[in-house]
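Engineer: Provided herewith is a single structure, encoded as structure tokens, for subsequent inquiry.
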Amino acid sequence: MERTLILIKPDGVARGLIGAIVARIEAKGYTIDALNLRTATAEELAAHYAEHEGKPFYQPLVDFMSEGPIVSIIASGEGVIPGFRSLAGATDPTSAAPGTIRGDLGRDWGEKVQKNLVHGSDSTESAEREIGIWYPA
Ligand code: GDP
Ligand code: MG
């Protein structure tokens, strides 16, 4: 069964949105296979965001992701990788469509980084790589 790696970012945890976000994942029909709440290490974040190293938003992003606890989730279901990306909505909460997690709940105004509540793997390869980072065997 297809699986993906979802993160609820520190803004989602701090704003008390864990339940609301997990409810949307479950309501869609995906299965929660693993769920963990804790503060990420610098090593985990460097590995997770390696593809963005060198971009202007990289350091603000890593700093933001270190601000407080995050929830890492393995979810499974048919089409869950693109399906969760659809549920999450566009990267920028201001342009994310209503009905999506970022469109309904995301607030990034006045910020140096997009505090857009969630991460979802963007391909099978990313999903397996990211699951290995957050849930090492
Ligand atoms: P995602 O797959 O939709 O999460 O987006 P990306 O993989 O492109 O970027 C990773 C994360 O970096 C995003 O979720 C945002 O939190 C942040 N980010 C991406 N692009 C930008 C940008 O252009 N400006 C800022 N400030 N943050 C960004
Ligand atoms: Mg991405």
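For all residues, glycine too, the Cβ spot is worked out from N, Cα and C.
Bear in mind that the values here come from a model prediction, so they are computed numbers and not experimental data.
Positions annotated as domain 'Nucleoside diphosphate kinase-like' by TrEMBL: 1-137. According to TrEMBL, the feature ATP binding site maps to Lys9, Phe57, Arg85, Thr91, Arg102, Asn116. Feature annotation from TrEMBL assigns active site, pros-phosphohistidine intermediate to His119.
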Engineer: Checking proximity to ligand 1 here: which binding-site residues out of Phe57, Arg102, Asn116 have their Cβ closer than 6 Å to it?
Structural biologist: Phe57, Asn116
Engineer: By a simple count of other Cβ atoms within 10 Å, which of Lys9, Arg85, Arg102, the binding-site residues in the record, is least packed?
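Structural biologist: Comparing Cβ neighbours within 10 Å for the binding-site residues Lys9, Arg85, Arg102, Arg85 has the fewest.
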Engineer: Check His119 (active site, pros-phosphohistidine intermediate) against DSSP and tell me helix, strand or coil, would you?
Structural biologist: strand
Engineer: For Asn116 (ATP binding site), what is the tally of other C-beta atoms lying within 10 angstroms of its C-beta?
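Structural biologist: Asn116 (ATP binding site) is surrounded by 25 other Cβ atoms within 10 Å.
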Engineer: Within 10 Å of the Cβ of the residue listed as 'active site, pros-phosphohistidine intermediate', how many other Cβ atoms can be counted across all chains shown?
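Structural biologist: 21, counting other Cβ atoms within 10 Å of the residue listed as 'active site, pros-phosphohistidine intermediate'.
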Engineer: Do you know the mean pLDDT across the domain 'Nucleoside diphosphate kinase-like' (1-137)?
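Structural biologist: Averaged over the domain 'Nucleoside diphosphate kinase-like' (1-137), the predicted model reaches a pLDDT of 96.
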Engineer: With Cβ-Cβ distance below 8 Å and at least 6 positions apart along the chain, what are the contacts of Phe57 (ATP binding site)? List them in sequence order.
Structural biologist: Lys112, Val113, Gln114
